[in-house]
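S.K.: Quick one: structure below, then a few questions.
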Amino acid sequence: MPMQGAQGRLRGSLNATPPTTPHSGLAGNQTGPWCLEVSIPDELFLSLGLVSLVENMLVVAAIAKNRNLHSPMYYFICCLAVSDLLVSVSNVLETAVMLLLEAGVLAAWAGVVQQLDNAIDVFICGSMVSSLCFLGAIAVDRYITIFYALRYHSIVTLPRARWAIATIWAASVVCSTLFIAYYDCTAVLLCLVSFFLALVVLMAVLYMHMLARACLHARSIARLHKRWRPVHQGLGLKGAATLSILLGSFFLCWGPFFLHLTLIVLCPQHPTCSCVFKNFKLFLTLIICNSIVDPLIYAFRSQELRKTLKEVLLCSW
């Protein structure tokens, strides 16, 4: 039936798992009694998406309102908020359309839904790639701030920041289009996974180096005041906790999704991998949770931004 075809297509290239072959000896739904499938209610999924949408819209509004926040660092944070906003919107839109399909409301529009599916998939993939890129850009920006403080404004200029932002958005559109067009190509999946792993390594190295530099700086200051141990230990624990939250939330929210892509390449027919495939909606939910956490880590810790956010909220009332 056309409606069934459209609905299957709407599930998207992103969560498409390779079909089982007659030679595998494994039925499509046979994963063993030990397989745990976490069911995510549509209401919860939509609610998280709406929370992320509102939260990131507030970040964008606050940065747009306050001219003091019109700097490269906040431009990157604003673009991260836009990317996270698009992640939420696209996933919420896809879920809403699927619910309408299941209810039969869009049965007469199957052809339009198929075209909408392509646009939504590109939207989802592009926003994910751009979100990851801007997380990396923020890490690089903070690294330059600490290690090249005196030269920061000559290195990270507004024109260069705008070029970097434009390049990231353009690359995200190209990557998402290629991924949706060639989602069944092993090389494309491996490129995405490699990109994620490279970004994890980059962020870990940069932030750990920044933490080491901060501890060394605190040690130097504490020696001058002859109270090295308590100050150094306190800063080290606080920095380690911040680093753990930053990298931990990033890996926890994004790791399962890229594990899913990796297993599609490595073991598409294995029962254990098939069990992982069943939890794809959980992985998307974790990515939306990351869109909720990002403003808390990168935006709302700024006193200036929080002050502007209060003004935005008061004006809205």
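Every residue gets a Cβ built from N, Cα and C, even glycine.
Just so it is clear, the model here is predicted, and its values are computed rather than measured.
Pasting the relevant annotations from Swiss-Prot:
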type	residues	note
TOPO_DOM	1-37	topological domain 'Extracellular'
REGION	1-28	region 'Disordered'
CARBOHYD	Asn29	N-linked glycosylation site
TRANSMEM	38-63	transmembrane segment
TOPO_DOM	64-72	topological domain 'Cytoplasmic'
TRANSMEM	73-93	transmembrane segment
TOPO_DOM	94-118	topological domain 'Extracellular'
TRANSMEM	119-140	transmembrane segment
TOPO_DOM	141-163	topological domain 'Cytoplasmic'
TRANSMEM	164-183	transmembrane segment
TOPO_DOM	184-191	topological domain 'Extracellular'
TRANSMEM	192-211	transmembrane segment
TOPO_DOM	212-240	topological domain 'Cytoplasmic'
TRANSMEM	241-266	transmembrane segment
TOPO_DOM	267-279	topological domain 'Extracellular'
TRANSMEM	280-300	transmembrane segment
TOPO_DOM	301-317	topological domain 'Cytoplasmic'
LIPID	Cys315	S-palmitoyl cysteine
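Distances, neighbours, how buried they are, the whole picture for these features please.
M.R.: Summarised by DSSP class, the composition of the topological domain 'Cytoplasmic' (64-72) is 6 helix, 0 strand, 3 coil.
Beyond the ends of the transmembrane segment (73-93), by six or more residues, the same chain brings 45-46, 48-50, 52-53, 56-57, 59-60, 63-64, 120, 123-124, 126-128, 130-131, 134-135, 137-138, 141-142, 145, 156, 158, 161-162, 165, 168-169, 284, 287-288, 290-291, 294-295, 298-299, 302, 305 to within a C-beta distance below 8 angstroms of the stretch.
Per-residue confidence over the topological domain 'Extracellular' (94-118) averages out at a pLDDT of 73.
Counting only same-chain residues 6+ beyond the ends of the topological domain 'Cytoplasmic' (141-163), those with a CB under 8 A from a CB of the stretch are 71-73, 75-76, 206, 209-210, 213-214.
Within the chain carrying the transmembrane segment (164-183), a Cβ under 8 angstroms from the stretch's Cβ atoms is held by residues 13-14, 16, 75-76, 79, 118, 121-130, 133-134, 137, 189, 192, all 6 or more beyond its ends.
Packing against the transmembrane segment (192-211) from elsewhere in the chain are residues 129, 132, 135-136, 139-140, 142-143, 146-147, 175, 179, 236, 239-240, 243, 246-247, 250-251, 254, 258, 261-262, 265: each is 6 or more residues past its ends and has a CB under 8 Å from a CB in it.
Long-range contacts of the transmembrane segment (241-266) within its own chain (CB-CB distance under 8 A, at least 6 residues past either end) are made by residues 17-18, 132, 135, 186, 189-190, 192-193, 196-197, 200, 203-204, 207-208, 211, 273, 276-277, 279-280, 282-284, 286-287, 289-290, 293, 297.
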S.K.: So, by DSSP, how many helix, strand and coil residues make up the topological domain 'Cytoplasmic' (301-317)?
M.R.: 14 helix, 0 strand, 3 coil
S.K.: Quick one: give me the count of other CB atoms within 10 A of the CB of Cys315 (S-palmitoyl cysteine).
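M.R.: Step by step: centre on the Cβ of Cys315 (S-palmitoyl cysteine), count other Cβ atoms within 10 Å, giving 9.
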S.K.: Would you kindly list the residues that approach the topological domain 'Cytoplasmic' (64-72) from elsewhere in its chain, counting only those six or more residues past its ends and only Cβ-Cβ distances under 8 Å?
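M.R.: 78, 141, 156-158, 160-161, 302, 304-305, 308, 311-312.
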S.K.: What is the number of residues in the topological domain 'Cytoplasmic' (141-163) that are helix, strand and coil, as DSSP sees it?
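M.R.: Tallying H, G and I as helix, E and B as strand, the rest coil: 20 helix, 0 strand, 3 coil.
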